[in-house]
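Quick look at what Swiss-Prot annotates:
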- 87, 105, 106, 107, 108, 109, 512: ATP binding site (BINDING)
- 883, 885, 894, 895: Zn(2+) binding site (BINDING)
- 842-852: compositional bias 'Basic and acidic residues' (COMPBIAS)
- 889-900: compositional bias 'Basic residues' (COMPBIAS)
- 842-900: region 'Disordered' (REGION)
């Protein structure tokens, strides 16, 4: 009550914002005569003047009135179109990091040119985001003449474009593209192996068209780049053949023991290790199978993956037993859960182990699609420094825009008053009665010459209506969002007298339905039309336009209510553009999904009490209110789901940003030798500590285990036991220092063979490749954790907190694994000639190219888990700042340890 009184006195927040902006509109209007006096050259020179003023420290807000006045005057000269005052307000809203709700037909595309120009003056790039490729191309080409007149470059970012073309598109002042492509390019840039492979600049300003569709409807849809693992089934089969030739020995080879076998097994760690004898035999057998060349070593850089295959095959034969660890059913290897004994359909072991077991069991070897990178739209768009959007329907979702994206919604008034008649809903008992009533309504209105747009919630429903219209002999067009270019043509002509068009809710968004049809489309069919022909077409169109207005304008028929009021409002918004006449009505039945689930009992009882007969409809404000309440319930539930998903996904997002920041830092430096030395020290300290605990008695030392570990994991022959026997004074610290120094000397000798430059490149390549590999495995592990985390609720634990805690532990473990695997790989690679390193780099490049060709870009509807304030991309993290991964530790004590 009090709030209502205050609102009446002071106006709503929306009213106050519009009042403030109208003052700026007055300033722009006063500048108009001054701009009209300028020559084209003087008007174009304003762009350079604005840029100079920005460099001198003037703010964009100060420049706004002049910049908008320049764009308006340029638009008059280039397009013959003048921005309305409400479009200037829309442009200001978009510049202020807000959502502008502008009704259909109010000229959102022209409005967007204002903030796009203003923000492009910074030289940091403006990304205009559309829902499909057709609209991106259309808007870019339509607005290109205006921007180029003003001295700005325009780029189009489309799927399938080569990297140089994409780089050029992103280098433009204003880039048009789809939400999918911007997101995928971000992910691909964070998989690049050199700075030159990246295409995007730092993310500055995103202007999102149909913002409700992208930031709300698709919020639960992660962008996923998955690479089908290379088809190496033949290799698995060939390697599998050599395993029966190998003999097991009980103990690992050491200084005091040399067995006759070819491999030993560590049951506890579930690992297998080849002996020297085994290595020689495996190499011989691989040469015999034609997998390896004569004289090659299994440990040479180019054969690292082959060694991986041999180890996987050995583990499959020795450590994994049929009907214990797995079963074979219908030609498929299915894992058995070791704790429950239940089969785990759909789960697969990673690292090629599952394929090795399939080769062992002689069943079809399946390739796996591995998730290499993923991000949700929610988290991608929060990376932009400035984010704004526009749509015809945002007010119903204003709370979600505010709470998740920190974006306020401002309803921009229409240029002319809206006079569309929104008729009350009609509710029927059955679906068939409803369809019959719709057909009758269409018959009556099309005879009068009124155009009709029938909106359905699915392609299936549109086919039902289409079939009924065919049966009634009514000519019509069907749209179902498959062919965007053709769709726009049909929508443009849907305003012809008596035209009947069926469309799914999203089809044709972005294209206005012009009453009387589009005269521009008719002109486009003529070759080199002259002014007289254009005038004739316009005159004929004016007659048709007036006739359609007289018939009542465009009539919208909704065949059922959508879960979201916003989608219903979008459908209604196709009619009544720019103050035109129009009408709308929704036809419902008790068999509709929404009515059946949420409103059935109350409305059914009401209909029964009224004694309704077949074919009769109920039309009452109570019914409309009951339906609106049902929709609010669904919207609230969907919002809660999206909010909860975002809370979970923010954990992964913090980790993603940490990894991508480190990855980009790695890419941008040529020498990471200091980092390698630092993590080598950490790795050797941790390794030695696990066998020689700090400040422990010698009786507690496992010297033999340490020697084996150094040999197996780092290819270092160090007689630690002999040193201790010969030098009794050798204590824990001096021993640790000696091992580290000897490891360093061995590494430096390798470096002398190939040269420091080649070694630096190799270190960087190994670091990037290992990081990518572990991140990929971490994504899969996070996914598995997320799928089962809700069960913690039964143990009276908060699943969100448990997920955060465990995922951080997994992240910390991944960083430790990264250090260990990088040092292990660099230590084990046997380098003889610089050419071998180059061969490995070439192999890596070929693998990256293969992946780029095979990349499957998939939109995967998933309850992926994701809120929070907008992430400020590229802020330098101080060493004493809180770690961005959410652990609560300082950066230097968490994943910043890699930056030592």
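A Cβ is built for glycine as well, from the same backbone N, Cα and C atoms used for every other residue.
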Secondary structure at residue 107 (ATP binding site), reduced by DSSP to three states: coil
Greatest C-beta neighbour count within 10 angstroms, which of the binding-site residues 87, 109: 87
Number of other Cβ atoms within 10 Å of the Cβ of residue 105 (ATP binding site) across all protein chains: 22
Assigned element (helix, strand, coil) containing residue 87 (ATP binding site), judged by DSSP: helix
Among 87, 105, 106, 107, 108, 109, 512, the record's ATP binders - longest CA distance, Å: 17
Other CB atoms, at most 10 A from the CB of residue 106 (ATP binding site): 25
List of residues, in chain order, with Cβ under 8 A from that of residue 108 (ATP binding site) and at least 6 apart: 90, 100, 102, 209, 390, 392
Residue 512 (ATP binding site): tally of other CB atoms within 10 A of its CB: 20
Protein Cβ atoms within 10 Å of residue 107 (ATP binding site), excluding its own: 19
Residues flanking the ATP site, with Cβ no more than 8 Å from the Cβ centroid of 87, 105, 106, 107, 108, 109, 512 and excluding those residues themselves: 102, 104, 110, 111
